[in-house]
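Here the structure comes first, spelled out in structure tokens, and everything after it is commentary.
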Amino acid sequence: AMATAGPRSFSAAEVRARCAQGACLVSCHRRLYDLSGFVRLHPGGEQLLRRRAGTDVSAALDGPPHRHSANARRWLEQYYVGEIEPGDEQVPSRAEPGPGWARALGRPGDSIYRWPRCGVSVGCPRCRDLVDWQKPLLWQVGYLGEKYDEWVHQPVDRPIRLFHSDFLEFLSKTAWYVVFMVWTPVVLYLSWVSYTSLAQGNTRLFSSFTTEYSIPVHKYYFPFIFLLGMILWSLLEYLIHRFVFHMKPPASNYYLITLHFLLHGQHHKSPFDSSRLVFPPVPASLVIGFFYGVLRLLLPEVLGLSVFVGGLCGYVIYDMMHYYLHYGSPKKGTYLYGLKAYHVKHHFEHQKSGSFGISTRFWDYPFRTLIPEETFKKED
């Protein structure tokens, strides 16, 4: 049998030349990675990675200011391209990989630190995955059983196909702007209907119980009712994300595992699949219709519609913000920069324990699921 070719070697001069041409190559103890396709998505910002192009990042992975998680280190392995030629490697601030790196990948000489068939060290999801990525995943994941929960929370940088049917696959994907184009006209129209209906002066609270003490709802109240709907949506967003999307399906239940992957697991497995970051309009219509019906039962017709349209606006903002937190490059120090870093921690390190608010961290405070600020202490 033909021996598998070893990793390609790169000279320091070749690395410098590629970086000068715009590539973003970094090394970690002779291992070379091409991050050119990832720089814009980096939670710390593109410029941070650009400044490290052509350098050894082994010390930076252990921090400060941030110690990268085991999932982040596995993620890095997907961009492995080869080895720095002996004698050409830069000397990092430490002579050995930091403890975080050792936990994630092992150390040279360990039995787990080896070259699998694609030439990438342990941690590369392409080598040792439990599913066949050449086939639709939706009908495979249920067979993972007890291995599903760990597998789905080890993110990869590759697109996902869910269905055999091209039509169903098409319906399961959505460009970010589709949500804005479909639902913004609905928000504007229903806002106009709500305001003009309130302007007629016929809407009163508690009128079904008493006419003497019922409270009139004036048209000037509409902005506040609309805002109430947005606040209620933010709470609903948190509750759905935490208790529905992050339920842990029983390992023995094929159908619940499949449902979890369809609802949210796919997003955690491939967090940068741009076609699956917002909710497709067809299934969204069913969920939105359900909540509209609930509000109609609980509140007077126009009042329920006013709360509903505020909530619908909150949903549109949530979906747009969610896409931006994955693909946007907010300026360092801004609110969105902090929110992006917070959300990425949810994907790579705190998937099950915190950061369930997307458009706001507010509800993480009273529910005590806020991810604590990282207090860094360098290890010797």
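Please read every residue number as a count from 1 along the shown chain.
Cβ coordinates are placed from backbone N, Cα and C, and glycine is handled just like the others.
Here's what TrEMBL has on this protein:
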DOMAIN    7-85  domain 'Cytochrome b5 heme-binding'
BINDING   H42, H68  heme binding site
TRANSMEM  175-195  transmembrane segment
TRANSMEM  220-240  transmembrane segment
BINDING   H241, H246, H264, H267, H268, H322, H343, H346, H347  Zn(2+) 1 binding site
TRANSMEM  277-299  transmembrane segment
TRANSMEM  305-325  transmembrane segment
BINDING   H326  Zn(2+) 2 binding site
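Residues within less than 8 Å, Cβ to Cβ, of H264 (Zn(2+) 1 binding site) and separated from it by at least 6 positions along the same chain comprise H241, V244, F245, H246. H268 (Zn(2+) 1 binding site) is 16 Å away from H42 (heme binding site) when you measure Cα to Cα. The listed stretches are 175-195, 277-299, 305-325; of these, 305-325 has the most Cβ pairs under 8 Å to the transmembrane segment (220-240). Away from its own ends, the transmembrane segment (305-325) comes close to residues 176, 179-180, 183-184, 186-187, 190-191, 193-194, 197-198, 222, 225-234, 236-237, 274, 277-279, 288, 291-292, 295-296, 299, 336, 339-340, 343-344, 358-359 of its chain (Cβ-Cβ under 8 Å, at least six residues beyond either end). Across the structure, H326 (Zn(2+) 2 binding site) and H68 (heme binding site) are spaced 18 Å apart at their Cα atoms. Those residues of the chain, other than H241, H246, H264, H267, H268, H322, H343, H346, H347, with a C-beta within 8 angstroms of the mean position of the Zn(2+) 1 site C-beta atoms are F245, P271, Q351, I358. For H343 (Zn(2+) 1 binding site), other Cβ atoms within 10 Å of its Cβ number 22.
Cα separation, H343 (Zn(2+) 1 binding site) to H68 (heme binding site), rounded: 14 Å.
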